[in-house]
């Protein structure tokens with residue numbers, strides 16, 4: 001099922017790029033990012049509420065280590081959005097979004113170094129091809 005969720009994430013991430021580019025035409029990127037964050041907070045809170053999982057929030061708040069890393073993730077996500085929307089405001093969506101997706105390569109490397117996840121030869125080849133592909137897309 002993770003493959004389906006991953007592909008759905010990719011589809012909606014593509015829509016973020018397109019809608020973001022259109023929406024940023026005459027706006028400050030950071031202010032627009034703040035509005036986007038508010039909309040996302042409201043939307044995801046409603047999802048959790050309607051799933052009947054609001055009690056899970058207290059479990060997260062009780063687990064200090066988990067909470068710390070969720071806060072770190074939130075800060076990293078906010079910085080990612082700020083830089084992404086700033087880049088997309090002035091750059092081409094195709095180029096910015098491809099470079100942004102090199103985060104997958106970086107995540108795989110960090111997962112190997114920090115989490116001890118295994119990377120096999122096929123994965124290394126795929127990561128190298130992703131990197132080469134990103135370089136080719138942005139070369140002028």
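Each residue, glycine too, has its Cβ placed from N, Cα and C.
Summarising the annotation, TrEMBL assigns domain 'EamA' to 2-138.
Residues or ranges marked as transmembrane segment in TrEMBL: 35-54 (among others).
Per TrEMBL, transmembrane segment is recorded for 66-86 (among others). Remote same-chain partners of the transmembrane segment (66-86), defined as residues 6 or more beyond its termini with a Cβ less than 8 Å from a stretch Cβ, comprise 20, 24, 29-30, 32-33, 36-37, 60, 96, 100, 103.
The transmembrane segment annotation in TrEMBL covers 98-115 (among others).
Residues 94-95, 98-99, 101-102, 104-105, 108-109 of the same chain sit 6 or more residues outside the transmembrane segment (122-139) yet have a Cβ under 8 Å from a Cβ within it. What TrEMBL records for 122-139 (among others) is transmembrane segment.
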Please list, for the domain 'EamA' (2-138), how many residues fall into helix, strand and coil according to DSSP.
117 helix, 0 strand, 20 coil
